[in-house]
Amino acid sequence: MPSYVTRQKTRQTFSWVGRPLPNRKQFYQMYKEICMKINGCSEIHIKVGQFVLIQGEDNQKPYVAKLIELFENGSEVPPKKYARVQWFVRFCEIPIPKRHLLGRRPSAQEIFWYDCSDCDNDIHVETIIGPVQVVALAPEDEIPVNQKSEETLFVKLSWNKKNFAPLPPEELAALRRLECQKPLEAKTKSVKSPSWSTAEQEVKRIESSHSTSRSYQDPAHTVTPNAMKSLECGGFTRKPNMRLSRKILCDSLDSQKTCKRRAAFSETTSPPKKPQPGEIKTSSALETLGKNGHTQPFFAKSSMVLRTRGTAVKTTKLTVESALSPVRSRSRYSVAPSVGLTPQYIGRKAKEQETHKEPIHTSLRARRRSSLLTLKRIKQQLWLLDDDKSDQEEEESISSVEVSDSSSEEEDESVPSPPTGKPVGQSRTRRTASKPSSQTPSKSPKKTFRPRPPLHATPQIRDRNLAVQEPASVLEEARLRLHVSAVPDSLPCREQEFQDIYSFVESKLLDGTGGCMYISGVPGTGKTATVHEVIRCLQQAAQTNDVPPFEYVEVNGMKLTEPHQVYVQILQKLTGQKATANHAAELLAKQFCSRGSQKETTVLLVDELDLLWTHKQDVLYNLFDWPTHKGARLVVLTIANTMDLPERIMMNRVASRLGLTRMSFQPYSHSQLKQILVSRLKHLKAFEDDAVQLVARKVAALSGDARRCLDICRRATEICEVSHQRGDSQCLVTVAHLMEAIDEMFSSSYITAIKNSSVLEQSFLRAIIAEFRRSGLEEATFQQIYSQHVALCRMEGLPYPTMSETMAVCSRLGSCRILLVEPSRNDLLLRVRLNVSQNDVLYALKEE
């Protein structure tokens, strides 16, 4: 879509047209038409039933709606102007998970009838940007692609938040009746801008001077006697210093851009002249004079020549066509060359015979720009052609244009003309006709074209070549079921918490309001799993119309590099766009805090909330503040491990916005852990009953962490499988296997490292403890410890090591982080400390 008026800082004023139609029941005054004045220059009359553009979050893609009513609320002081609309939605406004339901690639100009009544249909009149043309099509029709329909929108389907459907017959008929009415331009009354009127006065002054003044001949151009005679009768005359200033010309060009482009290349009365090989033609028109005397704006992107029709003057029959060609000033210090209008005279006979022609030299930069524009348009046309053979012909024409970009004839003929009812084959015939007829066939084989990659490739995960292997044994099946990521059929022992969270979110969805809930509990108590189960059940209920549809977004504080990145993650998952943290926070605040901006409720799950804490606590404040706004459809579910997190680290203004809706997940008891294990191992005999009872009681006494319990059982199956392969036990997890797994799980890594250390390393640790007890300090030098080490070796009858060997032992224990040592350059004065308690060292060194 092109840029709209909202990008320019325009001043719009609105006024009613006609008499009001009072509504005594609602104290409203209804109107049928409103006048919108832009910058005091142009007036646009908009009636009920027309389609309008409405200001939105993105200026490039404003909202589209149909006017249903125009009214003024008399109860307000001062009275405000309102409009009731029927919304349309663009494809980018549809939630990302549901865009695949369309089943095809949408057009950039396609919109959808919004068939849902849960949004606010009353808007302020000041938010209207202007009218827009909307064309209704049948579902099987194709959207036309041409220059004339750039600012036209097309509607084929409707969207009801669940799927796409064809337009209702009555709505389709109503939309097509609107198309048969008076076109949009007839309702727009434009006031001439000063710049354009100045240009018109200048042209009229030039016309009036033809009959009285002598024609001035430019030395660069030659005029035949016939042309001179015609000029004396009433043709255009050029005076020496008569030039339109660059400012007047640019202002006239800018004022024309606001009007709709109606003219086309086919509007010229005479056939286009064919340039000679050495001539470069840059064709355009500033204005085309019709038979009625009115000016019609006409632009082309690569335009430079200004033409007028021969039928512009009624009173005089001219035999000479006048063309205004630009004359660039040769000023050396000007930033941009000023353009003057020079009448250029071309006789009809000379035009038909193509004998009197003057080459117009253009700069290399302008030629390069025109060539690139030609290539761009040809490539766009190539994508629209489905025939492979025609594609190859177009690519050959592209290569010919690239080689000879200095020839403007090929550029002019290669540009696809605007739609004038001619088939595509005619333009292809013209291009092939311009080539020499006698060509020697190339002996070398044609260049083979590589297959093009798809225009819009969809990234996807690679398919699995081999099927997933089935578990080979009972123990392997048990390990799969006991994995933390395995989703069980149900969540036992959390029925009450599930019901409370479900009721809270369901009530907010039904009421269309926002809220916040704080969920706390120690790790492994099922907080995240319970919330996921609630969301899954609510999504199933939304598919059966039991609850309104909603959008679900989940962020985890552990996956963020910085707390403010939570804004970026939320915005990307909601809209699919990327932005900086500050800009994303502004967009989210505008979406959640403005009334009527949301059409669906958003459920936001924030896991590991305590990791989003900052010094100013602005992230937590915004997350808790957004649901409190009036009309904000945002439900925030926060999860943290600390029960008193709001009172301990949050400010009062942040904790107050959190609300009183809190829930605490208590640690699992031994009976609950046993029930969880039994439900996972349902119909699978892999554990002894006593083993399950033992691991449940052990874990419940320590932490009540269900994840730790599942990990211990999985490790026990691995130990059992290894012992079964050696033939030591049967394929059943016993109490001994579980005790071994529990010892591995709950024992410290430092204790395990000390137990597995060498005799010399264990002797050095005993020497450290002996020196600490002797000195009464928790720190000693390497020289003092070495003396104790030598004494202990003599008492035990062991050969004592050298100083270098003892230094190597100390460095190894320091690398294992069992000791805290200084750099070895201190040598004998190296200070040594224990990184674990003395009791743990003595426990690891005791003889069993």
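Glycine is no exception: its Cβ is also placed from the backbone N, Cα and C atoms.
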Worksheet entry | Of Glu551, Glu562, Glu608, residue recorded by Swiss-Prot at the ATP site of Val487, Gly521, Val522, Pro523, Gly524, Thr525, Gly526, Lys527, Thr528, Ala529, Asn641, Arg707 | Glu608
Discussion item. What does the structure give for the C-alpha distance between Asp607 (Mg(2+) binding site) and Glu93 (site 'Histone H4K20me2 binding')? Integer Å is fine.
Written reply: 27
Worksheet item: Could you give the Cα-Cα distance between Glu608 (Mg(2+) binding site) and Glu93 (site 'Histone H4K20me2 binding'), in whole Å?
Response: 30
Fill in: Cβ packing number for Glu93 (site 'Histone H4K20me2 binding'), 10 Å threshold
20
Practice prompt. Please report the DSSP secondary structure of Glu608 (Mg(2+) binding site), reduced to three states.
Written response: coil
Practice prompt. Give me the mean pLDDT over the domain 'BAH' (44-170), rounded to a whole number.
Written response: 84
